[in-house]
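Engineer: Have a look at this one.
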Amino acid sequence: MDQYWREQEGRGLFEDDATSYTSENDDSINSLQRLIYDDPSVHDDLQSDYDSSSFNVDTSPVAYPSWNQNAEEPPVTMEGVQEILLDLTNKLGFQKDNMRNIFDYVMVLLDSRASRMSPSQALLTLHADVIGGIHANFAKWYFASHFNDGHAIGFHDMSSPIVEKMTLKEAEQAWRDQMGGFSPHRMMVQLCLYFLCWGEANNIRFMPECLCFIYKCAYDYYISSEARDLDSALPKEYFLDSVITPVYRFFHAQLFEVLDGKYVRRERDHASNIGYDDINQFFWSYKGLEEIKCTDKTPLLDLPPFMRYRHLGNVEWKSCFYKTYYEYRSWFHNITNFSRIWVMHIAAYWYYSAYNSSNLYTSQYHIRINNKPPASCRWTACGLAGAIASFITLLAVTFEYLHVPRRYHCARPLWPSFLMLLTALLLNIAPTVFIFASTEHQQTYISRLVVGIVHFFFSLVCVVYFAVTPLRNLVGFTTKSSGHDLANRYFTSNFTPTSKGGAIVSWCLWITVLVAKYCESYFFLALNLSDSIRYLGAMRPYDCGDYILGAGLCRAQPKILLSLLYLTDLSLFFLDTYLWYILISTIYSLGYAFYLGISVWTPWRELFYRVPRRIYTKLLHTDDMEISFKPKVLVSQVWNAIIISMYREHLISRDQIQELLYHQVPSEKAGYHTLRAPNFFYSQQVKHYKQDLFPANSEAARRISFFAQSLAESIPKHCSVDAMPTFTVLVPHYSEKILLSLREIIREEDQLSRVTLLEYLKQLYPIEWKNFVDDTKLLADESESVDSTVDGEKNDLQAKAYDLPFYCIGFKSATPEYTLRTRIWASLRTQTLYRTINGFSNYSRALKLLYRTECPELVEWTNGDPARLDEELDVMANRKFRFCVSMQRYAKFTKEESENAEFLLRAYPDLQIAYMDEDAATRPAEERGIYSVLIDGHCPIMENGKRRPKYRIRLSGNPILGDGKSDNQNMSIPYIRGEYVQMVDANQDNYLEECLKIRNILAEFEQFTPPLHNPYSVNAKSATNHPVAILGAREYIFSENTGMLGDVAAAKEQCFGTMFARILSLIGGKLHYGHPDFINVLFMTTRGGVSKAQKGLHVNEDIYAGMTALQRGGRIKHSDYYQCGKGRDLGFGSILNFTTKIGTGMAEQMLSREYFHLGTQLPFDRFLSFFYAHAGFHVNNMVIMFSLQLLMLVIINLGAMFSVVPVCNYRQFDPVTAPLSPRGCYQLQPVLEWLKRCILSIFIVFGIAFVPLAVCELNERGALRMVIRVFKQIFSLSPIFEIFTCQIYAQSLIANLSFGGARYIGTSRGFATVRVPFALLYSRFSGPSLYFGSRLMFMLLYGSITAWLPHYIYFWITLVALCVSPFLYNPHQFSWTDFFVDYREFIRWTFRENSRNHSNSWIGNCQLSRTRVTGYKRKIYGKKADKISMDSPRARITTMFYGEILGPLGTLFFTCIPFLFANSQPGNEDISKRTNAFIRLIIMSLIPLVLSGGIAILFFCLGIVLRPLVGGKARKVGIYMAAAAHILFVFVDIIVFEVLGYLEGWTFSITLLGFIAITSIHRFAHKLLIICFLSREFRHDGANLAWWSGLWNGQGFGYMVLTQPWREFVCKTTEINMFAGDFLLSHLLLFLHCPIILIPYIDKFHSIILFWLRPSRQIRPPVYTIRQNKLRRQIVFRYATLYFTLFVIFFLLLILPFVFGNSAAGVSYDQFNMIQPSIRIMPSTKKNSSV
């Protein structure tokens, strides 16, 4: 019997199941069919809970006119749709409000399509897009999960041999035939059922194939005999409770657990959580579906199809789902995903290096002879690149085995790849072994030469094959006609082919990039290193060594240096590719821009002269218009509306508007009037015309210029307003400012503020403020005008006094209408939700304008009644445009937020707000009911003050399970209407002239023209392109004029969001980057939605929609002629918070399955575009910082040799066999030459970084603006900011791959005018950059002392940037008084929290930075302040290995080696005089660690002893004890440095090198101690307080009071040591401020750099009271004295001993040779340094 039901799976999805398992009575069968499909009137007799009155909607034909009033009778009437929905709701248990919402949703979709095609075509195409078409996701899922063993789809007789042999192509045709035979009623049933399931699915919407399975089960039940029973209506909300909620609860349980009666997020990383994609991929295969079992262990598929829906509530989902991809936090993902990148770089570098390093594998090589290896050796040595390529690819396949579980049914078999790669590896190694195992004589045989040559070319084939071929296609290719592996083909690699032109451009671009890269890299990098290889490879240091270690390490120093050179050269080899990609892409994008006509180089006089004609031909639809209106009349309406909108926005004045409008003037004919165009158009043709209508660089000039320029481009043809599709604008909102209050505008933010927001806005927008004031004065009461009888002088004074309030605060009378005007003016110039809603509501205004202009007969229809005309326009605008704001917190708004939201609804009644609501629990054990609610401005206000919802749909649980934004979007997505949705953030803006282009934008989706063929016909597949899924648009960063940081953000958007997006869309590499992109609703919502939402993994949620579209057959386009406004973060900290979010988000993307699928399946050219446009940018930043660190290690290792050995004279053009002079010297000059060229190349890269901006500015704004903007950026020190940003990107990426912690960071969007305290900046950026920069700066200082090059200046700028950027971009950082007041706060910050808990302190920051390794404890012991919801897990040792162990260990090795070499005394033949440098280094490294532990123990004992003596003052005593311990160790550190100097013979360079080595040892030791010996942290600071005060009882430790002191001892050992380092480093940074703060007027100059404000318009200093000024002067005097005293002490301790000190080497008490003699370079006349 089970087999019988399994065979039924091969039948058609929509075959009448009643014919298979209902009564044999034909009459009953026919009546069932009539009931479901043919006779909707039968439903009138159904007994149901809901009836037609439940819809509560406008059922008149006017509601959906294109569907109801079309010339063709609709295939299903609106009443028929209602009956279908009622029947589905009753039979399957959907919610009433879901039914009502879906009714409107479906009818709007049908009306939208029926407006440009017949109703029958509308229904047919909609059904094809959602259910059965070639691009429908449901059809793809059905084939992927049911097309097994060659069985066809759509036939009853599964035993037929024809069916068993049916191919995929034949099955697809059978499917189309079946779909094409459906009746319209049946299609409508299927559509309505799918959308009903989707509307209540909540978070299951993120699992599209799971939803397809649920829909299939629901439909099988609906058409069964059970559903035919008139009494079979399921309970209300059955679908939600029994179908959706069990799956939701399973997923919820993966994320949360119950702890102390509360839900707490589990401590699991992605690899341990079964996520959305894991659940969804379970439904991709038939074998997966077979594993679904009910609680009684019965497989669900063993049940008849009609029974499965009723048993979904009994499925034990916990035993079904499993991980289908392991997102281990590991670098191994990058090896698999980007194996082709590593192959094409490392293998190519091996070719170059092996060829130029022949001396390393030449037997008995001598530098004077320069003898070469046999040719066979050289060929086969180069050929080892094939082994490297094979090994890298083998690693990639191995890690794929680890990441993709074999249990997953869609996992590909890997053994063929393993065998092929192992074979290739052995074949590439064997010839090398064979040749090098031969004797020197045998290596010269012709047979060996042939083997070597064959090996080389075989390796070349291997390298090219492994670099070009996707990893998934290494062995065998799956043809499209095959029915195997359909899930991967449909859902992960259904890539849209690029156009023929795009493919040509793509291949040309990448061939150009790779040819330029490989040529330049060889001559500039590989060949440049050849001399260094030759000399260092042959170098043999003589007469050097350590007392203990001997001469081994000393003699290996050249090889260690050479290995660093190779590694550095390889990292630069990687950087070159990205450099050439940026450069060539810029050139190609510029060429494409010229091709599209996007250039300011269009003749200026022609640009504006042609605007009227272009408005008429490109924005107005005049094809069907009666020839009764001249084009000028129509154009004038559009142009005047644009100008008036700018006037209302106060961008232009009353005088300017008169010059810019069309005016009606008397005609030459008597009694007639004509329109006079503004002189603005025609004056452009007059030479030497001075354009003064728009102030220079004003917003009005920018908008008009872009509008005119965009109309010169090629724009798609559009249709009439009535025929255009419906679309929605969706804005997610959480806590962003809605509308500024008067208090926020006219009062300073806090005590650190120097200016009110209104004053700052007046400085930024002086012209707009003047226009606003002029308009406000016109509205003022005339009775308050100045008395005309007063004399002229008094009149002037009174007039100025009258105007003063207007110019100060924008109003004189504080009545609501005037204060509201000022609030709105300020809100429209900041990043508020009101600005966004006001801007995007221009769509409604634009549609009304276009409809009225294109339909002059409207005036006749309405009999000239303005009210009726406005009503008609409102109806049309509401039909075609909807605006929805997803206000997640609306139900929990504060009073002010609620008032502002209500103001929005009153100002924009058609605005819809979706929000999440919940019921209070009726019983403690019950969960609260959570609802998704929709309201608008037309909803009546209830007694409780809230609006009555239009829809209130109960959800399966809290929809906010991820980082918030994508969940918020998903919650509101059922309320969008139409075919397209524009995704917009709450900090964007739009303009009327841009909204006029909306029809052209929607035409880009290529769905305006009705299809020529039935979507289910034979010709449909060949005639249908892949649908456009996403349309990108430009963004204008309106915060670009707020200073340097705002301009940098705007420049990045201008380059990436415009220039590179343009070329990426052409070559198929563009994804979805958020906003304001347009989304194809049906395509994306049937494939998981507009974003993804797994916590942490999808923190950059938007880009996953682009990857989904790319993998599932969608096209992604870009529009250059349309732009929206966008705000960016304006403060240094908020910008870097955003940078951190992007960096950590990219790390999460690297772990994701999307990157795995794309990286292992994309064709070569598109793979390169994908990598370098996304992950490659971040990898490039990481490699930049890695190469910078390597270069510093090279410099100190080279400097160590330069400082103690004689260096040879070097003449670059001498023959390579020339003798070295003087005798016994070391030839190190080639390494310096290599360094020079490396630094030069890096500097060139720095220069090229400005090329995209310069080219973009040159193309769009002209040469002069380009020069000015680039100069302003350089003058404002933006390169320093970019260096710092690069480090933040790199550090965020590395930290997240090691520890995780990616989260959505809600950045500040206000103006950055407040000085941030030094302590806050230091605590925020010490870990990411300051420590790193200071370590490298000390290395560079040593290199500059020992082997100076002028080229090091660039490195000095770079490293100073890493250390001072947070302070350089801090407003008023160098103000004299503020500096010392801040210094006082910093001193307090360092010693705070040793007596009480304080969130802002040094010890708190230290503990916080430690918790990313240790994590927090899960259980709480009596501390009410603890927040268990913020628990973070302990990091895994495997994830920390590279960043926390291997990296510091490598740095330790490469810093200790040069120190030992610098103390090895090369040339000293007397072995007895060798010093104990190794023991010296060990002792000087251990002393601080031991002393820190000893001091910690000492004060711990003192606390225990003193506690009973001091009684209640124990905490106060603890303050002094902690301060004493920390200050004491600062002196210990200083003494250790001085002792080290003494032991090094007061040689500053070697002392500095020893300090660098000791610092590296301490860094490694601290990390090792924390990782190995520290358990999790308590969330309170009781242990720290108890350590100093002795009060261990009552701190909430429980039984851990016995073990916590031991843990705290390890903490204090590291903390005391780290405190001294932080104290000294922070003061070093503060001392660097000293020369700057002494410069007169430095604060004004600094403000010019940051804010680009002239001194006359700069922010005034704050006003203080006399008492405050006195107190501030006292603080400045005290702390300036402390500051300069410490500065002098620091200078004396650092300089004087090394100036006047002498080496004490050889004294009698130095029996262990611990003291180093002074450096003496001792060349030998008998020995050579090279072989």
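Keep in mind that glycine also has a Cβ here, set from the backbone N, Cα and C atoms.
Worth saying up front: this structure is predicted, and the values here are computed from it rather than measured.
Taken from TrEMBL, the feature compositional bias 'Basic and acidic residues' covers 1-14. Under the heading region 'Disordered', TrEMBL lists 1-26. Residues or ranges marked as domain '1,3-beta-glucan synthase component FKS1-like' by TrEMBL: 185-297. According to TrEMBL, the transmembrane segment annotation covers 379-402, 414-437, 449-468, 578-604, 1183-1205, 1239-1258, 1440-1461, 1517-1540, 1546-1565, 1585-1603, 1623-1642, 1676-1700 (among others).
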Engineer: Is it the case that the transmembrane segment (1440-1461) and the transmembrane segment (1239-1258) have 3 or more CB pairs under 8 Å, with pairs at least 6 apart in sequence?
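Structural biologist: They are not in contact.
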Engineer: Does the transmembrane segment (1239-1258) reach the transmembrane segment (379-402), going by 3 or more CB pairs under 8 Å (6 or more apart in sequence)?
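Structural biologist: No, the transmembrane segment (1239-1258) and the transmembrane segment (379-402) are not in contact.
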Engineer: Mean pLDDT over the domain '1,3-beta-glucan synthase component FKS1-like' (185-297): what is the value?
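Structural biologist: Average per-residue pLDDT within the domain '1,3-beta-glucan synthase component FKS1-like' (185-297): 91.
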Engineer: Just to be sure I understand, if DSSP states are collapsed into helix, strand and coil, how many residues of the domain '1,3-beta-glucan synthase component FKS1-like' (185-297) fall in each?
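Structural biologist: Each residue of the domain '1,3-beta-glucan synthase component FKS1-like' (185-297) counted once, the result is 72 helix, 10 strand, 31 coil.
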Engineer: Are there three or more C-beta pairs under 8 angstroms joining the transmembrane segment (578-604) and the transmembrane segment (449-468), sequence spacing 6 or more?
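Structural biologist: Checked: the transmembrane segment (449-468) vs the transmembrane segment (578-604), no contact.
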Engineer: With a Cβ cut-off under 8 Å, give me the same-chain residues at least six positions beyond the ends of the transmembrane segment (414-437) that come close to it.
Structural biologist: 361, 376-377, 380-381, 383-384, 386-387, 390-391, 393-394, 397-398, 400-401, 443, 448, 451-452, 454-455, 458-459, 462, 471, 474-476
